[in-house]
Amino acid sequence: DILAAFRVTPQPGVPPEEAGAAVAAESSTGTWTTVWTDGLTSLDRYKGRCYHIEPVPGEETQFIAYVAYPLDLFEEGSVTNMFTSIVGNVFGFKALRALRLEDLRIPVAYVKTFQGPPHGIQVERDKLNKYGRPLLGCTIKPKLGLSAKXYGRAVYECLRGGLDFTKDDENVNSQPFMRWRDRFLFCAEAIYKAQAETGEIKGHYLNATAGTCEDMMKRAVFARELGVPIVMHDYLTGGFTANTTLAHYCRDNGLLLHIHRAMHAVIDRQKNHGMHFRVLAKALRMSGGDHIHSGXVVGKLEGEREITLGFVDLLXXDFIEKVRSRGIXFTQDWVSLPGVLPVASGGIHVWHMPALTEIFGDDSVLQFGGGTLGHPWGNAPGAVRNRVALEACVQARNEGRDLAREGNEIIRXACKWSPELAAACEVWKEIKFEFEAMDTL
């Protein structure tokens, strides 16, 4: 069975058992009345069952309802169908004030019907010939308004300075100021020029997201013809059907696939209604993607440390134990489905490097947008600065030093032999993004 953990907030006067049973029925075989066609099938075989209810600590009106769904209810290899069944209709149910899907346990038999990520972590490292450290990325800013040529120049400078990847922003598709084909051509030129100068393999996440699946595939095919290593997709706005289609193409044609989670906070930000990001992350691993943005723990975008580490494990590890402190309600066996690299991004800069290296480990992409392009001397020195800081942190960690306690000292020591790093440390020494969370609903 597929197991689901729902956070249920019943209407006043509705007992939790009734609310849990209603969720199970409405998201499987139930309807609002008895129908004569019920007699034509074996409902006992197909109906969802609420098998356990427990209170949420500290919340009088909320309960966790555990529901089991028979596997026969789901089409093989279709995340779209899985979500349509489990969360398609039940969230507007009048007996509930609010409902949140906290976690899913995907059984081994169902996992094996999915191809998963096009390549996975190890194959990506082999393709790029980069080992023993996190990968470095940068989103090109300003995200909208640059011409294709000026955009390509920014890409070249960042890659030449020492980054592994640069990135289209999620909303860069094919706008009047920069059509997709021009951007792809100038970015490919930047990649090849930077590779020739540095001797390293470089990439730029070319955003293939489009208004139709046909246009999306046309862009992916053009990227492959240019010989670039990676394309990108906005998987929530683009949809799971489009994402799985693109992932299959990428595996068959040797392209890596970077996934952006634009729109996720619409679904996952409220604490008592919607769907937790760990469910969206599991779904992405099944649908297919080699990288996905996972929050930063530090920086400007929200991400609580333990919870973030919980879905970083879900993305990368093969077997994940149930750990309630990390919000993981079920053990999950991925049966060797390839892993996904978590991408840390959002308001991070050089002083965050020790914390990011410690928290995310080697199998991650650290993405500094403003933290690269905001360098007072320009893009290439910004990239140099990030690469120097990363190498210093990785070396210190490998020597057994404590990055949590000695992080600032490690960065300061590296400043002595990197003027680019020293200049940036001076600029960003005081910047913090510390706001109280407003969404306490």
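Cβ coordinates come from backbone N, Cα and C, glycine included.
Within SER28, SER345, SER364, SER418, the residue that Swiss-Prot lists together with ASN89, THR139, LYS143, ARG261, HIS293 for binding substrate is SER345. Between the recorded positions LYS141, LYS167, ARG261, LYS167 has the most other Cβ atoms inside 10 Å of its own Cβ, all protein chains included. ASN89 (substrate binding site) sits 26 Å from HIS260 (active site, proton acceptor), taking the C-alpha atoms as the reference points. The distance from the Cα of LYS167 (Mg(2+) binding site) to the Cα of ARG261 (substrate binding site) comes to 14 Å. Using a 10 angstroms CA-CA radius around HIS293 (substrate binding site), the recorded positions that qualify from LYS141, ASP169, GLU170, HIS260 are HIS260. Neighbours of LYS141 (active site, proton acceptor) among the recorded positions ASP169, HIS260, SER345, defined as a Cα within 10 Å of its Cα, are ASP169. Taking the Cα of THR139 (substrate binding site) as the reference point, the closest of the recorded positions ASP169, GLU170, HIS260 is ASP169.
Other Cβ atoms within 10 Å of the Cβ of HIS260 (active site, proton acceptor) number 28 in total over all chains.
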